[in-house]
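Swiss-Prot annotations:
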- N419: N-linked glycosylation site (CARBOHYD)
- N490: N-linked glycosylation site (CARBOHYD)
- N767: N-linked glycosylation site (CARBOHYD)
- N792: N-linked glycosylation site (CARBOHYD)
- N825: N-linked glycosylation site (CARBOHYD)
- 1-229: region 'PGAP2-like' (REGION)
- 230-953: region 'PGAP2IP-like' (REGION)
- 1-7: topological domain 'Cytoplasmic' (TOPO_DOM)
- 29-64: topological domain 'Extracellular' (TOPO_DOM)
- 86-91: topological domain 'Cytoplasmic' (TOPO_DOM)
- 113-117: topological domain 'Extracellular' (TOPO_DOM)
- 139-149: topological domain 'Cytoplasmic' (TOPO_DOM)
- 171-175: topological domain 'Extracellular' (TOPO_DOM)
- 197-278: topological domain 'Cytoplasmic' (TOPO_DOM)
- 300-307: topological domain 'Extracellular' (TOPO_DOM)
- 369-380: topological domain 'Cytoplasmic' (TOPO_DOM)
- 402-420: topological domain 'Extracellular' (TOPO_DOM)
- 442-450: topological domain 'Cytoplasmic' (TOPO_DOM)
- 472-495: topological domain 'Extracellular' (TOPO_DOM)
- 539-547: topological domain 'Extracellular' (TOPO_DOM)
- 569-585: topological domain 'Cytoplasmic' (TOPO_DOM)
- 607-613: topological domain 'Extracellular' (TOPO_DOM)
- 635-642: topological domain 'Cytoplasmic' (TOPO_DOM)
- 664-953: topological domain 'Extracellular' (TOPO_DOM)
- 92-112: transmembrane segment (TRANSMEM)
- 118-138: transmembrane segment (TRANSMEM)
- 150-170: transmembrane segment (TRANSMEM)
- 176-196: transmembrane segment (TRANSMEM)
- 279-299: transmembrane segment (TRANSMEM)
- 331-351: transmembrane segment (TRANSMEM)
- 353-368: transmembrane segment (TRANSMEM)
- 421-441: transmembrane segment (TRANSMEM)
- 496-516: transmembrane segment (TRANSMEM)
- 518-538: transmembrane segment (TRANSMEM)
- 548-568: transmembrane segment (TRANSMEM)
- 614-634: transmembrane segment (TRANSMEM)
Amino acid sequence: MLIINGKIIPIAHTICAFSAFFAALVTGYSLHFHKIVTNAHYTYPDEWFPSVSATIGDRYPERSIFQILIALTAFPRFLLLLGHYYLNQSKVCFLVGVLRTVSCGGWVYITSTDDHDIHDIFMITYIVLTLPWDIMITRYSSPLTSKNKGLTATIFFGTLFPMIYWYIQHSVQQRAGAYSIYAYFEWSLILLDIAFDAFAYADFKKIDIVLAFNEKPGNTSFFQIRDSSPINYGEEKSSELQKSGEKKVEKEKPVARSATGSYFRFDSFFYLLTNIFNGFLFWSNVTSLLCSIWHFPLWYMGISGYEAAILGYLGPIFLYLPFVSEAFTQYGVLLGGIIAIGAYIVQMPELRLISVAVGTSITVATFVQNLRYITNAETSFSFALTWLLGLVASVILKMGFYTNNPTWVILDERNGGYNKTALVLTVLFGMLSPYVNSINFEGKRNAQAKSASLIGKLFLAVGFGSLLFGIHQLLTDSSTTIYWAWEGYNESHGPLPWPWGALTCTVMLFASLSSVKFMGKPLVPCLLLLISTAVLSARSITQWPKYIFGGLLYAIAMLWLVPSYFSALGQVQNIWVYVLSFSVYIIFVLAHVWVVAYAFVPMGWVLREKIETVLAFSSTFIIIGALTCKNLNIQLVTMGKKFFIYVFFFAVALLSLTARFVYDIRPTGIPQPYHPDSQLITAGIWTIHFGLDNDMWASEDRMINLIKDMELDVVGLLETDTQRITMGNRDLTSKLAHDLNMYADFGPGPNKHTWGCVLLSKFPIVNSTHHLLPSPVGELAPAIHATLQTYNDTLVDVFVFHSGQEEDEEDRRLQSNYMAKLMGNTTRPAILLSYLVVDPGEGNYNTYVSETSGMHDIDPSDDDRWCEYILYRGLRRTGYARVARGTITDTELQVGKFQVLSEQALVEHSDSMYEYGHMSEPEYEDMKFPDKFLGEGERGHFYHVFDEPRYYL
């Protein structure tokens, strides 16, 4: 019989693994230094340190030395897995370890030189699996080693952020030396990973490997691990933490009650107020993160790498780490709020995004930490109601701030943010929260509640993740469901955000208050959800019916289901259930993006233009989860009179705030054109990149200033569909139309799968129709055809149009034919404000400017155009200017001045209106563009290309 102490396993693993990487590095440095530090962009001396991939996989003999030594690591590696399994008895942990080991073999033996994509897939898989592996191993470790492992794991994942940053600097910015700095962090991950497994030494000393013959003749065993009994440090530690937590609560309860009596009960004023704010903070941070992420793929025109910040929603996974759950219980609201809201101080967009991701991660984890311990029925409903009222408060506040949340990091004091006020409130309620919410951790699991099966937990997790997505997609702004129903102006057009956004807020408030009636009774809400989803998915149902029976009914059904979910989740305390919920939420968010961004993402065709499918799946999962909740819910709740008195007070406060905001954002008067004496229409076209400027700040105020300065009567805005999760569910027309005192038509809605277009007009919009142009391959091209009532009741047609991508030639050909026919079908004077992606005088240009369309170019001699074009017909062209964008967006503002003529004047001018001949000064002073943008201009705006405006006879 041979007995070997288990400590030899981590020792052998550490020696073999470290030797493999170290030997390859030394050999590579000695033989091929210049070759292994060379990358796609730079070589020595700009780069001076090799990446792991270049070191282990590019050259002989270091590649062979590495692979031999790493092969020797396999035996102690699998012994390490078996030893951990014996100690913690966790099959899930063992399975993750095996998959992690296989993925390690993938990126080790398939190098980046062999197949770059496969190598990266295995590498990413390995890093992703390292998270649950480190957490579970740390959780199940003895107290002696858990701190060391926890610290090592924390440093490991903290190192990922600067590593990703420097990789982007290398691959996207092509910055010299960036790859060497990236390599430092990459090698640090290797050392930290080896060190983490080395800390198993203390745990493995407690076991022996026994090699012996079996007592039965003829039978032998390869080996067995012998010990008196399995040691489950995780259970011991969990028990200790739970006991210490119970003691802590017991200590705090008398202190709180002696100081404030019953103020800290579930029906107390302070409990309700604090958790309404916490609910508001939750939704503010959750919506802020995705709104910030969107800036990066937008400006990189593709996947940038910063999208990984979406993993911040998986904050609950950190509750597995020792002492983290207790820390978040005490300081989660405070830390999460300060970091996420305070991120506005950070000027660099990349670092601001990381700050928001960290803060949101803590906020989400703190929410989960509270929710998973609430087992009392009354406390559960009180917590659910305050969470809903926090949601309603955020929606009302967004309505009052023109659909921007004033706590978001895309705002500061310069563009309407109230970040400092939010920080003060966060500190106040963050300090109150651990005391007020101590009641959430009281009580035991109700004896009447049924234990959930694994399948039940899965359904509950998937349902809750879908519920979060559904609320975020349609119910985080008062105008989202309105725009799902909007089809343009006509005699019986649908609701507009003002004043009907207030109805959305009121219905959401009603649904929140009445949700107590449906706690544990999901059948009616599920039926309403089924009906409303069908209405929202039906493209034939539009305007008021879609808003009422789709949008409002959906809001009622969703909010009625929340208390049932909260009650059931309180009976299921497993952290993985919540991690799975937010994973499902992330998957649905990506699907929500894929339906529009299919041309820019892998496998985009799968979900192309299928928002209804995404909605249907989410509603189906919500219903299945809700029916599962029914089996887990405890007895009916009975809330006292005092509770409803306080709730009534908060409801009245929210209704009053709604009324105040409706009054504040009312139209300021009847819009009037700037130059009625000359009967001028000053029209512009501008691509505004979804209202986010180059530095990730909301740009509405700066856009308003330029539009005012240029005295635009009509403006077409492109890339405006911000009524999506990733754009913050914002309505750019809300503030623009209000502050500019203009009518607004929000083009094809968020359920039409376009990037959006908007028409703002000083003239009444008599009629407007929305068009989706042929796009068999690329992105959908949106268009608005609006008829404006101008001077002397002369009707003028305005077309706002965004064509497809440069790569999709057939799409653009079909779209040009469609637009030419659409413009040619009307004989009224017309203006096209467009984004055509064509050279002047070439290709599809000759379809837009043709006998079929009847349209003419505002200046055929301007040959420095590709994207934006202004065409016209039946109007007298008097001026044309191109204005630099500043840092608002990536595209200039083009402006044309046109004079509306009487029928007699039209006959007199006839074809002379289209003759070319420009001047440096206008015919009349009233027709002049502002001088402030001559020369260097103001605020980064100046006349460019011609360096001054052009005027025409």
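Using the three backbone atoms N, Cα and C, a Cβ is placed for every residue, glycine included.
According to DSSP, N792 (N-linked glycosylation site) is assigned to a helical segment. Long-range contacts of the transmembrane segment (118-138) within its own chain (CB-CB distance under 8 A, at least 6 residues past either end) are made by residues 53, 57, 84, 88, 90, 92-93, 96-97, 99-100, 103-107, 110-112, 146, 149-150, 152-153, 156-157, 160, 189, 193, 196, 200, 234, 317-318, 320-322. In this chain, none of the residues that are 6 or more apart from N825 (N-linked glycosylation site) has a CB less than 8 Å from its CB. It is N419 that, of the glycosylation sites N419, N490, N767, has its Cβ surrounded by the most other Cβ atoms within 10 Å. Mean pLDDT for the topological domain 'Extracellular' (29-64) in the predicted structure: 76. Long-range Cβ proximity for N792 (N-linked glycosylation site), meaning a same-chain Cβ under 8 A and a gap of 6 or more residues, is found for Q679, V900, S902. For the recorded site, N767 (N-linked glycosylation site), the DSSP three-state label reads strand.
Separating the Cα atoms of N767 (N-linked glycosylation site) and N419 (N-linked glycosylation site) is a whole-number distance of 41 Å. Taking DSSP states H, G and I as helix and E and B as strand, the topological domain 'Extracellular' (607-613) has 4 helix, 0 strand, 3 coil. Away from its own ends, the transmembrane segment (496-516) comes close to residues 381, 384-385, 388-389, 391-392, 395-396, 399, 475, 478-479, 481-483, 486, 547, 551-552, 555-556, 558-560, 562-563, 637, 639, 647, 651, 654-655, 658-659, 661-662, 665-667, 731, 733-734 of its chain (Cβ-Cβ under 8 Å, at least six residues beyond either end). Counting residues 6+ beyond its ends, the transmembrane segment (331-351) has Cβ neighbours under 8 Å at 165, 168, 278, 281, 284-285, 288-289, 292, 295-296, 306, 358-366, 369, 407-409, 411-412, 417, 419, 422-423, 426-427, 429-431, 433-434, 695-696 in the same chain. Contact check: the transmembrane segment (518-538) against the transmembrane segment (353-368) gives fewer than three Cβ pairs closer than 8 Å, residues 6 or more apart, which falls short of the contact criterion. When secondary structure is read from DSSP and collapsed to three states, N490 (N-linked glycosylation site) falls in the coil class.
Sequence-distant contacts of the transmembrane segment (614-634), counting only residues of its own chain at least 6 positions beyond either end whose CB sits under 8 Å from a CB of the stretch, comprise 375, 377, 380, 446, 448-450, 452, 456, 459-467, 469-470, 473, 519-522, 525-526, 529-530, 533, 536-537, 558, 561, 564-565, 567-568, 571-572, 584, 588, 591-592, 595, 607. With respect to their backbone Cα atoms, N419 (N-linked glycosylation site) and N490 (N-linked glycosylation site) stand 41 Å from each other. Helix, strand and coil residue tallies for the topological domain 'Extracellular' (171-175), in that order: 1 helix, 0 strand, 4 coil [DSSP].
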